[in-house]
């Protein structure tokens, strides 16, 4: 390989060979097969490939054998291109080929740049060695010739021209071929050189030069030197202490130790906690994390167990109560509760956070759905409230508004779910309610007052009858008879026809011819029929039909009475058809209040004298309805939602119970009846009946071949119902024992007029057996009816 005077590599900030690698000590006697690139000549700056010598390589002399047989390692130049290490300087101190004097650069190149700290400057030796491309002081470097001389075999020229200055002059420049493997120039045994043809030279143009500051380069990591020490090495050698590699290796060792330590801690913690409840777990506020399953269950039974045996406090809106867990079929699943806590987590983050946090899992319970629903339904009658519709009431003759109020109803399915989930937590359980909105508004109430109530009591109303008889409805009577009911979202006025009739009847009696029903008179113990008599009188239903329209008009206000024939309700023929009747069924009840007595008397009047033909079914709801103020009923005490309250027609259930027992002993076929939800002590247990308009009826059928007649006898303290007819059966009744007792719950209500304290009563189940013996055939049959009563709650009124 030969190398011309322009150089084989780019300049690296200097004209010297400071950017190449320095041969390590001890290797100077070897000549590498490749020569490192040196800075190019003036005006070049590029790399040109060395041309091979056309002459064959001569055999090496004795002094070159070791050099020729060795291989020089290929290194990376500062520009990143591959080059060969330059031949070591000649032992004789002669200048080497292609070298420049110390500290100088070929023409057209910048001076050498100061080397980084810890390295020799370009073109200088470090640690007592010669730098690449540099000769000892006072000697020419390899590759340089004295001024005015040319290498051996090259044409002579003027001083400072030709190859000696690194660029051609005056015609053709001689290019010298340097055999590969030679360590110096000229060689000890000179070789024949090949002279290449001259090439025309370019004229040198004199130009003004300007020094351009060298821009600062960004810091870069220097390349690794062959055989030298770099930033990655410490004083102890590659990767030694203090070097970058040494520091990185130490960090890696520390990190590895930390990871291994954490792994051992994780595995140890996992092994130690295996089979126990995960850390941080609480059950209903009781901590069991980290405990064995057996110890955890024992602790839960000790701390939560007593809660599961005590009554469960519940709140439903403004009502507070209690539920017995055993009666509700509630129990704790201890194993299921701990199973819900889960197994040991494998996530290391979860295990670490469990030292500083808690996780509530709750109590797993089991329940009997039927028993739980029944226990909640016992609360329903106390908690449930129907919405209160808007209305108008009178204080004397002054109308006052009654604003609507929403109702509420216990949501039994949702309450069962909440109670089963929270009952063992030890706190009062809030049960959900469903709100029932009213259909009327406050605006409806205001409209009713202004358009109906106030004009109605503005003046009296005169009723004109026959024979110049007159009656008068005063504003006080009108106010007492007028009420308002909700209908299709509106407030509609309604008259208590019985109250108006009671006020007018004495005034209009002189214009009427009274009638009379057929009755029995007992003479010598046998009933004798007293004939009926038809009458003629005021038809109050027709007369009062126009009263509401008249009340809306201005005074004076008058209506004309309508008259009609009034046949007897019980005719002579009906009583005669009974043959020789006798009382075949009778029952008496008492103990009612005065206001209830009004309603009992009114219902008894409506059924008195009713004849039930063979095969006919009697309905008490039809016979006494509608039970409204307009039909003569008043507000009285009722049992609503398990507690005392007030309502229109209170006491009608006592008529139903009395009639039921009379039909029971008369041998009538009992078609329909329903006992009260709570036992009422003045009635026979399991043999009583309630009634509700349009919902609950009391019906019986006359399966006898002859008619029967219902007779009622009312007094201020008692009601008696008798059934007359031809006896077909001898009837007896018997009760079984009271079984399946249930204790009452305690409910706390806000004190006020709606709260009526009571001691409550237990619930129970009872069976009634009716035995019927046919008086004609002697055949006997029995009928069994089983009734279950709910416990009546204890009511506490709290201030």
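Note that Cβ sites are derived from N, Cα and C of the backbone, with glycine treated the same way.
Caution: TrEMBL annotation is automatic and unverified by curators.
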Practice item. Identify the transmembrane segment range according to TrEMBL, selecting from 252-272, 273-293, 294-314, 315-335. Key: 252-272
Point to revise | For the domain 'YoaR-like putative peptidoglycan binding' (475-557), the mean pLDDT of the predicted model | key: 90
Revision key, fill the gap. Using DSSP three-state counts, the residues of the domain 'YoaR-like putative peptidoglycan binding' (475-557) come to 34 helix, 30 strand, 19 coil
